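Enquirer: Shown below is the structure under consideration.
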Ligand SMILES: NC(=O)c1ccc[n+]([C@@H]2O[C@H](COP(=O)([O-])OP(=O)(O)OC[C@H]3O[C@@H](n4cnc5c(N)ncnc54)[C@H](O)[C@@H]3O)[C@@H](O)[C@H]2O)c1
């Protein structure tokens with residue numbers, strides 16, 4: 001197993017308070033300290049949590065490199081057993097345990113929130129760790145990064161629309177947003193305000209009433225790829241596009257925040273083969289990390305940090321132009337850019 005790892009450090013421990021297995025994976029510090037969120041999630045077993053930490057930390061290295069950030073990639077995963085009831089006491093114990101591991105790394109891995117954790121949890125980690133990102137604003141942090149993530153996706157979407165349709169405007173475009181959560185909900189509202197014809201989808205049926213009240217069409221999640229659309233925004237879970245689903249996609253442009261949208265990298269070629277422009281998820285979803293590091297590390301104010309996030313649009317324009325010129329996929333171009341920056 002070790003022979004297959006490209007990672008610099010992987011620390012795995014059973015929490016001494018919680019008894020829960022947890023991993024802190026540092027993929028690369030070639031460009032700077034490793035940043036990446038803390039995932040607190042139920043897994044079938046600890047191996048699945050370890051695999052997730054390895055995969056997600058590598059994705060963070062690429063995300064930071066393409067976004068031009070002087071940081072490396074890391075991730076921490078607390079692998080709760082499947083039937084665990086996460087009581088407030090257990091939550092406190094796992095966060096203290098995780099904080100201790102991060103503290104031992106002495107600033108080599110700088111955490112922030114991810115699936116299952118939020119700004120308040122960062123206060124627990126901060127008792128042990130040298131630096132944590134996204135503490136609540138009341139404690140001097142910048143809080144949740146879902147707003148800036150949405151801003152970055154919208155910049156990527158406009159750049160993609162300019163490339164595919166010749167205009168960045170979404171007025172009159174049929175757009176499907178799958179997943180109306182913290183990021184997808186904001187994207188849907190902004191697209192509707194820009195005149196898009198929206199169709200939305202979520203596994204949480206309560207979102208249907210919100211969507212209907214806003215005047216948006218609703219589709220069940222398993223129909224989201226198939227419904228006629230110009231642009232598809234995956235804003236829910238990963239693994240959306242694979243050999244069995246690429247054929248279903250009707251949109252000419254796919255761009256959204258959901259992490260790890262492809263079941264494997266070869267799917268980028270299948271999408272391109274159908275004439276679909278897919279903006280790599282790690283490019284489109286970098287707004288949160290760009291904003292947070294710009295504010296909390298570089299000390300920029302909100303407006304300046306937001307301008308940096310909007311720069312994701314320029315990155316997408318460049319990547320799509322070089323993909324068009326080379327005949328390679330946007331994924332290939334983005335990975336090549338990351339490799340060049342890491343090697344420089
Ligand atoms: N929040 C951020 O700053 C950020 C940054 C980078 C990437 N992302 C990624 O973007 C995605 C959305 O993040 P979020 O913060 O909005 O999460 P969230 O949990 O707030 O929202 C996700 C939404 O998707 C819905 N959903 C789950 N499974 C679904 C399915 N199969 N079909 C349709 N809807 C489904 C959920 O009910 C929920 O409403 C995630 O993949 C996340 O990892 C988020």
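Positions of Cβ are set from backbone N, Cα and C atoms, glycine also.
Marked as active site, proton donor/acceptor by TrEMBL: 75. For 179, 180, 181, 182, 183, 184, the entry in TrEMBL reads NAD(+) binding site.
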Enquirer: Running a distance check here. Ligand 1 versus the recorded positions 75, 179, 180, 182, 183: which have CB less than 6 Å from one of its atoms?
Expert: 179, 180, 182, 183
Enquirer: Give me the sequence-ordered set of same-chain residues, not including 179, 180, 181, 182, 183, 184, with a C-beta within 8 angstroms of the centroid of the NAD(+) site's C-beta atoms.
Expert: 146, 177, 185, 186, 187, 202, 235, 236, 257
Enquirer: How far is it from residue 183 (NAD(+) binding site) to the residue listed as 'active site, proton donor/acceptor', counting Cα to Cα, in Å?
Expert: 20
Enquirer: Far apart in sequence but close in space: which same-chain residues, 6 or more away, have a Cβ under 8 Å from residue 179 (NAD(+) binding site)?
Expert: 201, 202, 234, 235, 236, 237, 258
Enquirer: Near the residue listed as 'active site, proton donor/acceptor', which binding-site residues out of 180, 181, 182, 184 have their CA within 10 Å?
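Expert: Passing the 10 Å Cα cut: none.
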Enquirer: Count the Cβ atoms, other than its own, that fall within 10 Å of the Cβ of residue 184 (NAD(+) binding site), considering every protein chain shown.
Expert: 26
Enquirer: What are the sequence-distant neighbours of residue 181 (NAD(+) binding site), meaning same chain, six or more residues apart, C-beta distance under 8 angstroms?
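Expert: Residues satisfying the criterion: 146, 202, 235, 236.
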